[in-house]
């Protein structure tokens, strides 16, 4: 986990900076000339924990998200629209204990959202 770093010379915050010639990550002070080589290449890490219940309450706006993959291999059961966005979610270990794993599931659940703006039906596979 990355932490904030401070300058040894003037106690201001050190900011990440790349040294393109040496191909290393540095932390540099914007107040003085102090620089130090980063001991870890992780500048920032944001860990968000969600339950499966939160993921099943997906907003209809997710269908408009251009970063999510789309498929025409499924059809909406409600409006028969031929396109849906999909994403995978890792099931928590406790839920895996109580769910049927007859299909060889390793804890990944595939969620689909209909791309029809007037429908937005959600289902999982």
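Each Cβ is built from the backbone N, Cα and C atoms, and glycine gets one as well.
According to TrEMBL, the protein carries these features:
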BINDING   7, 10, 29, 32  Zn(2+) 1 binding site
BINDING   76, 79, 114, 119  Zn(2+) 2 binding site
DOMAIN    72-124  domain 'TFIIS-type'
ZN_FING   7-32  zinc finger
Predicted model, mean pLDDT over the zinc finger (7-32): 92
Entry from the binding-site residues list 7, 10, 76, 114 having the most other CB atoms no farther than 10 A: 114
Rounded Cα-Cα span from residue 7 (Zn(2+) 1 binding site) to residue 79 (Zn(2+) 2 binding site), Å: 60
Least buried by Cβ count (within 10 Å) of the binding-site residues 29, 32: 32
In the chain carrying residue 119 (Zn(2+) 2 binding site), residues 6 or more apart in sequence that have Cβ under 8 angstroms from it: 76, 78, 79, 81
